[in-house]
Amino acid sequence: MPVRRGHVAPQNTFLDTIIRKFEGQSRKFIIANARVENCAVIYCNDGFCELCGYSRAEVMQRPCTCDFLHGPRTQRRAAAQIAQALLGAEERKVEIAFYRKDGSCFLCLVDVVPVKNEDGAVIMFILNFEVVMEKDMVGSPAHDTNHRGPSTSWLASGRAKTFRLKLPALLALTARESPMRTGSTGSPGAPGAVVVDVDLTPAAPSSESLALDEVSAMDNHVAGLGPAEERRALVGPASASPVASIPGPHPSPRAQSLNPDASGSSCSLARTRSRESCASVRRASSADDIEAMRAGALPLPPRHASTGAMHPLRSGLLNSTSDSDLVRYRTISKIPQITLNFVDLKGDPFLASPTSDREIIAPKIKERTHNVTEKVTQVLSLGADVLPEYKLQAPRIHRWTILHYSPFKAVWDWLILLLVIYTAVFTPYSAAFLLKETEDGSQAPDCGYACQPLAVVDLLVDIMFIVDILINFRTTYVNANEEVVSHPGRIAVHYFKGWFLIDMVAAIPFDLLIFGSGSEELIGLLKTARLLRLVRVARKLDRYSEYGAAVLFLLMCTFALIAHWLACIWYAIGNMEQPHMDSHIGWLHNLGDQIGKPYNSSGLGGPSIKDKYVTALYFTFSSLTSVGFGNVSPNTNSEKIFSICVMLIGSLMYASIFGNVSAIIQRLYSGTARYHTQMLRVREFIRFHQIPNPLRQRLEEYFQHAWSYTNGIDMNAVLKGFPECLQADICLHLNRSLLQHCKPFRGATKGCLRALAMKFKTTHAPPGDTLVHAGDLLTALYFISRGSIEILRGDVVVAILGKNDIFGEPLNLYARPGKSNGDVRALTYCDLHKIHRDDLLEVLDMYPEFSDHFWSSLEITFNLRDTNMIPGSPSSAELESGFNRQRKRKLSFRRRTDKDTEQPGEVSALGQGPARVGPGPSCRGQPGGPWGESPSSGPSSPESSEDEGPGRSSSPLRLVPFSSPRPPGDSPGGEPLTEDGEKSSDTCNPLSGAFSGVSNIFSFWGDSRGRQYQELPRCPAPAPSLLNIPLSSPGRRSRGDVESRLDALQRQLNRLETRLSADMATVLQLLQRQMTLVPPAYSAVTTPGPGPTSTSPLLPVGPVPTLTLDSLSQVSQFVAFEELPAGAPELPQDGPTRRLSLPGQLGALTSQPLHRHGSDPGS
């Protein structure tokens, strides 16, 4: 695979940097967005949650003024100082008394620090909290919870005496109060002076309690002294985006009760003077600047409004806490300043005003100066680092540092590789062959060892290796977190722990150090220490170990290198035995005799070096491959022992390497083949769709990183080959960190955890990727396990989430998934666990005993559901019933009597039917009502229409049967029904609309002797309108279509009225005689086939008076309207008039069985 480049994509490491700096010091801090209302909290660490007792979900989106921590002993002056720092986007350090969730009070030191983006604009605030002491004073009220109203005990005590906290920082300024009091105007209305009352009575409002609108007005007054542009810049942020004048999402009842005149603000804040304003303290960006400031600290005179930005005593260093300010240091010109004098006119021996003026500079001026406390600088400045900026930052590379994947480093590595190969070849050769020649005096006696050409090359190689060691001290590396480390100190430590010792030993020129000592054997042995450089080959060539061709080439080179080393050893053995051997039987003597260059009696002469090396290499290759011919044979015992070792090595190498070359290549090449296949597909996709270069780079980088993260393993494909029990165990192991440390999953049974683990999916996101877009359906719940993300609404950051945070929507509150109200974008490389809502609900349904615990302990850090898209945020029943109503609200009638209630013994037949609404025994066997029609073909029930109001008129005719009294819990048919009733009526509605009144006439025919229908009194109200169709609502038919339908209905009603008037006498006779007769065939549209006998229950009725033509005319209208098809614009106008044919003797029919006519819709 290619070299590991690490995380080289630009990342927003703001949150990680803050956590790294603060968490190591056990800091407690929150991060607030300066661009949203009330400077809402978008992040809080675990230390702050432990300090205040609130969970992260309870703190998120609250005002960063921490009004929910206020209590009876919270100083309003201190709260005003925090608000002033937030309004002025300045750094401040305030001591204030806060209350925990359990009611305990503690004195806290708050550091307010602004954070800038790359443009220099303040977009966030960091508030660091440091506990000074636990407040336990005499007469202190009992522990009081912050979320309830103030008790009468401490309210009464607060009115009795004034509470004054002796702040050490403010007491130190008492000596400087006199010049300010004498030099200031004594009236509250003096220009530039603001009266601040020190009385801290918590109950009654006082002049000390200045709301934010008063502060804005005060800014207006002072800003009038400067240019118009400065005045607008000063007043704009305070008036447009107030910090405390608008209640936050979690208003504190106690804070509102403490300050009733704050215009709805959750806490009454005022701009007051902080203790750090007494002298101008220069901003330091590192610890070195702090020391320099300490050494050169001098008392400064009081400032005035005319003091400019380039004061002679002001330091030339830019007061900066971010990289952008340091870059713009030389471009800053003179900055106009506006000052306010905060004067205390009440004589107070404990609290005093400072002697200097407080500078308030317009927040729009980016290159402004601030007064920075030394504590803030120590907290935020560690070494040479400065406060990070909230922006995408590429990995910071230290100066004079070489990237490990840079082209220079790649060329240098190849050069070092060639030098290592040279060392591996020539070091054994020179130790075995050349030293003996030097010892024999083949070279000139006055020419030293340095005159040899190979010695000069060895010297150059040694120098190159020493230079490589120095380069390794400046080369970046990738740590375990896939981060590129460029800090020289960390690089040196990493190199010392790794390969430094081996590289150092291999780079020592031993032959030069012991040159002239006369021990050539020792030199030859020490020269072999350079073979340690072969470890470099293993390191450099490891990245090519997955390529089949490279592996084959490396195996061949390894085999040749081992043969070369063995040849040098073979020559060394023969050369060592040759002078001490009386009988010339060694392989060197045999070689000299064979080629005609024998050794003389003095041992000189013999074959040349070339002949010796080639013969030795020939013998080792033939022995390693077991194909030796015997022309070079071992004769002495030493030679035979070495030959045995060579044969053993050769057999192992031949069997393990050459015999399995194909298997090795296939095994090593399988992963690489998959990688290159996938990469080829990605590149073909990029080429085919012409993806632009920035997006192409992101695709390739994500693929490479995802491959290194998963190693090309498809987890789903792997798990499919195992049984479900083993899959659950594997998933439980992979998600063990989430299931063990996340609070909602604690207490779950092993089976529940296994079921949940099977449903979780892991998502890996690079920086800059958007996980959820605004408007997307929220189909899953997300748990962050690594990295940080931001949530944006438009371009405004509303939350920054980190490890162990949860975002999504509360699934138990909504039956249908909602839509996201913002974009979720990754700031760094993130790992998230997500579970789909259907899967989660399915598991919780299987384990109901765990469901209640899960929903009660689940704290979603940020709720992404957009409640504005659905007006009123309806419940699931409203959503489902509303969805059904949209399909059925085609046509509706106004059928309601003047009386809202009916008699106790009556059941409405034209309303919803019986008082019990919903499916019952009488409607389960009827698919679409009593006449077999589908629910969507006829008009909807009165409850299914939202258009009908209290003033709708009613039908003049109502036919109701007498029945038993209703149960107490049932509602009458004329009263509005609940949402459940609406939902049930949509499912099964046998007596739907006005049509049900006519259907009841034929439903109760049979052996019901003595049962009569009665006519209700007619309503004096005007005739009702038949249709209630809002033409202007979306999705309705056009006006012309509705008018054409009305004309067709009118014609149909006229025909039906004519038919019914002709058949009325016969119908009344049938009803009075209570005989089973065939109902009249009045349908003029379609004649259905014969159907099953009706099984509707028969209800007793009372006597019915004679029906009039007008009353039955109303019934005919409803019948005609019910028979109208849903999609037919016109109805048939002509057709034969069908009349009822009665037998001659009606009395004989009473004993005959019921035979329904084929045209009867109820058949």
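Residue 1 is the first one shown; counting continues down the chain.
Every residue gets a Cβ built from N, Cα and C, even glycine.
Since we're looking at a predicted model, the values are computed, not measured.
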Q: Among SER266, SER286, SER788, SER1025, find the residue to which Swiss-Prot assigns the annotation phosphoserine.
A: SER286
**Q.** N-linked glycosylation site according to Swiss-Prot, picked from ASN600, ASN631, ASN735
**A.** ASN600
(Q) Just checking the record here: does Swiss-Prot list THR476 and CYS742 under the same topological domain, which would place them on the same side of the membrane? (A) yes
Q.
Labelled transmembrane segment by Swiss-Prot, one stretch among 103-123, 523-543, 712-732. Can you tell me which?
A. 523-543
Q. Looking at SER207, SER280, SER285, SER517, which one is marked phosphoserine in Swiss-Prot?
A. SER285
Q: Between the transmembrane segment (406-426) and the stretches 453-473, 550-570, 641-661, work out which stretch tops the count of Cβ pairs under 8 Å.
A: 453-473
Q) How many neighbouring Cβ atoms, not counting its own, are there within 10 Å of the Cβ of ASN600 (N-linked glycosylation site)? A) 9
Q) Going by DSSP, is ASN600 (N-linked glycosylation site) part of a helix, a strand, or coil? A) coil
**Q.** DSSP residue counts for the region 'cNMP-binding domain' (744-844), split into helix, strand and coil
**A.** 23 helix, 43 strand, 35 coil
